[in-house]
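Visitor: What TrEMBL records for this protein is below:
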| type | residues | note |
| --- | --- | --- |
| TRANSMEM | 30-47 | transmembrane segment |
| TRANSMEM | 54-74 | transmembrane segment |
| TRANSMEM | 94-112 | transmembrane segment |
| TRANSMEM | 124-149 | transmembrane segment |
| TRANSMEM | 155-177 | transmembrane segment |
| TRANSMEM | 189-209 | transmembrane segment |
| TRANSMEM | 221-240 | transmembrane segment |
Amino acid sequence: MCSQFVLLPLSAFCLIKVLKLGILHATGLLLLACSPGGVTSNIFTYFCDGDISLSIAMTTCSTLVALGMMPLNLYMYGQNLNQEDVVIPYGKMALSLVAVTCPVLVGMLVHWKWPKLAGYLTKIGSYAGLLIIVVCQTMEFFIFPNIFANVPWQLYFAVVILPCLGFSLGYVLGWICRQKPQVRRTISIESGVQNVGTALTVASLSFPFENLEKVLLFPWLYAFSMTGVCIIISALYQLYVRQCNMSKSVETLPVEREVSAVRYAEEGGKSNSAYVGDSTKM
């Protein structure tokens, strides 16, 4: 919660000041940084072997806390944003909470009644969710073909740095609190993944159409950047795990051969001088 509602909005505000972004682009950045609770984090938590239950709990809690913290952060950091003119989508957040809670309740019921089936459904659902994300991002690109036109380099820089800051801050906080690696990875992903839908809804309900394109630009770009960073992190983690498993297999292979040789000698009733000393010690 600290990284989601305190450190990330503060980092976004610092980026706005350092990069000297225009007011409309800066507004989109600030809205996005104040919108935690993306359901996408649950999918990538699975691929990074994180704590899925913790991820779902954090997503649900952040959706609830955002009802109060989002307007507060906008008031604190939105110097050029009139707080009274921003329409906070409480209905959207409530629907988001229902969308997160209902599958959790169904999943708990399935896990209780059919634990073996729950494992298969978790794998299928994770891959299906990843496919849906990729398809949606591709469709957005075709629907808005000019979304990348006339984008300042500062915005591209911010859209890459912000998710990396979120992931890093979350992991460091988990390390400071002496959490186990699985929990650190979960907190990291929850801190870096934002609720793009909420940010887009707030912008759509708050600004006139002529200003809407620039305000929406950063959340749109962040959706691509966030997904890309999550895919890269998940792929690197899976490669790391496979490499570690291969190294362990290579290290245990000579030991397994030695044990097999001892058993073969004992079963054959032959005394193997190479292993007699070791076997007598045992």
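Cβ atoms here come from the backbone N, Cα and C positions, even for glycine.
Automated prediction, rather than curation, is the source of TrEMBL annotations.
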Visitor: Mark yes when the transmembrane segment (189-209) and the transmembrane segment (54-74) have three or more Cβ pairs under 8 Å (sequence separation 6 or more) and no when they do not.
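Guide: Counting Cβ pairs under 8 Å, at least 3, so yes.
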Visitor: When you scan the chain for residues with a C-beta under 8 Å from the transmembrane segment (221-240), skipping those not six or more beyond its ends, what do you find?
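Guide: Same-chain contacts beyond the flanks: 32, 38, 40, 44, 47-49, 133-134, 137, 140, 147-148, 151, 155-156, 159-160, 162-164, 167, 185, 189, 192-194, 196.
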